[in-house]
Ligand code: CAO
């Protein structure tokens, strides 16, 4: 097979142009018309195509060299295939914009490129690409544009490393690599992607041990993270005077025990929450999957966060509205036992409308619970404590048992005013046991 010289072809009215990129390596097998080099004048860039197919034996130029028509580029071992198409003269990018540009030049003003990154798996539609990737913003040769276009990369987002910020193939590859290593999220099209967590070797600071996460922790962790980033949370705090309620509960405890029921505060809280959900039905709703409407629920199933040795689970007490406090307390005890013995069935954890997370048996004054989406609100309950409360009628401080409430709600669905109305309603229910049990 013959070794042939490849020369710079007729490049029009240019005496000399700079080589800005070499797209071939020794040993590469190229086909006729494959781009070999990119050259640039002071006005535009162009690719120099291979005149015929074959194997590159030697490269005779370097980046930065000045070349003109007839300059020797490379030696090629010509493949023995018939030439089937006539050679075309290479054209400067500015002379042939439709061939060399990956997008049409916009006819409307071009805004600044957006700061967010276009997801790699969903290339921008052409109309959007036009806004950010055009010759005014990204400076790249036709072959680089073609390469980027094949990968769905919007050049408006790629930083050029060559002189005059020109984008070369390596820049596109580096951009793709950096995008692929970023954490991804498919969160309702918000393109929210937090920066990667640093990978720290903690053993450099002291002795460490690696413990695998339980299955429950992995599942609940993923759900909590999704809910946290999906629903804009607001937490409304309030205090309820439960002095009378606690006195009543304690007076009923023995009677409940005879029926094998532990009458806990949580049962009363469930009753109060259903009363508030009926008064403010928006709290008993979910956003439809398309985000266009609210699904209002006519049933009242209340979930409760339950701490187990394996992690957090949320069993659901069904039809709370139709049950009295003893029945609710019975269900609570039954579900809590099942949760701790890992005997909960799928059905025991489905169908919730609203959740209560009670840390009162443990301690703490206030906390901000994460909504159990697609529910739209959750009530956090902290430890009750005796406090001196001023009585306007007697004009004196009185010791009262105060229960701290923390209501987190999804601000896409619930307004702040309704959040405050809901907790006000709750506290009035909890402060007046007669109304609660009506
Ligand atoms: N203030 C003061 N004392 C409280 C209280 C409160 N708000 N709530 C409960 N207590 C007391 C109770 O009076 C009870 O004492 P008695 O037996 O004398 O009545 C004691 O604490 C233990 O209560 P309990 O925890 O057994 O019962 P409960 O109904 O209050 O709670 C359950 C049940 C399942 C909610 C609870 O066991 C639990 O798992 N809590 C943790 C929930 C959790 O992890 N939430 C965080 C989720 S977000 O990460």
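Yeah, the Cβs are placed from backbone N, Cα and C, and that goes for glycine too.
Remember, predicted model here, so these are calculated numbers, not experimental data.
Residues or ranges marked as domain 'Lipoyl-binding' in TrEMBL: 3-77. Mean pLDDT across the domain 'Lipoyl-binding' (3-77) comes to 87 in this model.
Annotation source TrEMBL lists region 'Disordered' at 84-121.
The compositional bias 'Pro residues' annotation in TrEMBL covers 106-116.
The domain 'Peripheral subunit-binding (PSBD)' feature in TrEMBL is assigned to 139-176.
Per-class residue totals from DSSP over the domain 'Lipoyl-binding' (3-77), listed helix then strand then coil: 0 helix, 38 strand, 37 coil. Note on the domain 'Peripheral subunit-binding (PSBD)' (139-176): DSSP counts are 24 helix, 4 strand, 10 coil.
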